[in-house]
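Student: Straight from TrEMBL, here's the annotation block:
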COMPBIAS  356-368  compositional bias 'Polar residues'
COMPBIAS  385-397  compositional bias 'Basic and acidic residues'
COMPBIAS  412-421  compositional bias 'Basic and acidic residues'
DOMAIN    138-262  domain 'Palmitoyltransferase DHHC'
REGION    350-372  region 'Disordered'
REGION    385-421  region 'Disordered'
TRANSMEM  30-49  transmembrane segment
TRANSMEM  61-83  transmembrane segment
TRANSMEM  182-205  transmembrane segment
TRANSMEM  225-250  transmembrane segment
Amino acid sequence: MAKRVYQDWKGSNNFILGGRLIFGPDGRTLLVTFSLIVVPVIIFCIFVARHLRHQFSSHNAGYAILVVAIVFTIYVLVLLLLTSARDPGIIPRNSHPPEEDIRYDSSLSVEIGGRQTPTLQFPRTKDVIVNGIPVKVKYCDTCMLYRPPRCSHCSICNNCVERFDHHCPWVGQCIGLRNYRYFFMFVSSSTLLCIYVFAISAFYIKVLMDDDQGTVWKAMKKSPASIILMAYCFISLWFVGGLTGFHLYLMGTNQTTYENFRYRSDNRVNVHDRGCFGNFFEVFCTEIKPSKNNFRAFVREEVQRPSLPVMRATDIEDRSMDRRAKVEDDLDIGEDLLKISQRRNIEELEEDIRSRGSSGPPHNTSEVDSYIGIGSDFRAPTIRSEARHSSWDRRSGSWDTGTEVPSIPTVTEHRGNIAQN
């Protein structure tokens, strides 16, 4: 059966639900992130929010604390799923290098079969125009394409990702063009959730101090879960809160994490900057481009395009050897025909001498033998020379070997001349 795209995927991604969800190779860390969010919220709901249901003037107003915590947690988990389980902007690989950019470098030639063959070269960079300013883009050897501006190859997922920001191990996915918005909303929402849990836990400690008219230590002993949640949220705020502030700066200047860390010291002009308002509008208010990959589609077998025949040195040598063997075979056949024709001429000559022996003048046997020897020696080079100088037919690609031999009357005429002498 034909395979689907996700089954024949060249990257390091993991797919579930028949290619509907895509994760990075470290997608299992998503379970750790999930537990770091859900477990504290469960502790909060059981040991803190449940005791605050009746602490307000309206008898059932305290339920809002529990409902808000649950709804906010579900919202954060949905953003986490949208960040880690969708295509971040992967550019499909090419099955062959771009032919329009192929160049042959004769200076770097390789000797093949005794001949110098130019090597195939690809320019490593290419200039494109972005907002009227030329920008260099690099060629990716793995994906066999020139990366678009702001695109980079992720070494973990083994894919080229548009507007590559970074690979986040906590979500198990690359952060790129199609999930950056959800990533920022996930980080900022997690920050707000930490602040919410920290604030309600501190409020519960205050409620315990007011009810028992005791000190902070007594309240902490009565609800140790509140203290644990406050410490956990305080530590988490240093991470998710700091990450939120950093990405607010990146969005305001229209940078990516990759660009900020790599080109910070180069003092390059940011050709993508549209102003603070325009940069935030680009992130939050523009339509997310559809994926360039249909992971559930069937793999199409690429039709092999006809290529021009390339004559190699070994092919030329083989063809020349074939021609040489053909010529030698033709010469051998010519020599065989020569021998047969000589034998036939001599036999006919002897018969002719016997038939005329009674009427004609007598001839010496030695003279006849010498004559036969002279004739054979004289004719052999002539016939051999004609066989050796056969012409090469360029149209048919073969030798034309002459098979005709001198007729018997010619030999008889020579015999008559000898007899008269």
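Including glycine, each Cβ sits where the backbone N, Cα and C put it.
Unlike curated entries, TrEMBL annotations are predicted automatically.
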Student: Same chain only, please: residues at least 6 beyond the ends of the transmembrane segment (225-250) with a C-beta under 8 Å from a C-beta of the stretch. Say none if there are none.
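Tutor: Sequence-remote neighbours of the transmembrane segment (225-250) are 40, 43-44, 46-48, 184, 187-188, 190-191, 194-195, 197-198, 201-202, 204-205, 256-257, 260.
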Student: Which sequence-distant residues neighbour the transmembrane segment (182-205)? Criterion: at least 6 residues beyond either end, Cβ under 8 Å.
Tutor: 37, 40-41, 44, 48-49, 51-52, 65, 68-69, 72-73, 75-76, 79-80, 82-83, 86, 165, 168, 171, 175, 216, 219-220, 223, 226-227, 229-230, 233-234, 236-237, 240-241, 243-244, 247, 251, 283
Student: Could you give the mean pLDDT over the domain 'Palmitoyltransferase DHHC' (138-262), rounded to a whole number?
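Tutor: Mean pLDDT, the domain 'Palmitoyltransferase DHHC' (138-262): 93.
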Student: Other than its close neighbours in sequence, what residues sit by the transmembrane segment (61-83), given a CB gap under 8 Å and a spacing of at least six beyond its ends?
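Tutor: For the transmembrane segment (61-83), the list is 30, 33-34, 37-38, 41, 44-45, 49-50, 52-55, 168, 171, 173, 175, 179, 182-183, 185-186, 189-190, 192-193, 196-197, 200.
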Student: I'd like the per-state residue tally for the domain 'Palmitoyltransferase DHHC' (138-262) from DSSP, helix first, then strand, then coil.
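Tutor: Helix/strand/coil tally for the domain 'Palmitoyltransferase DHHC' (138-262): 76 helix, 17 strand, 32 coil.
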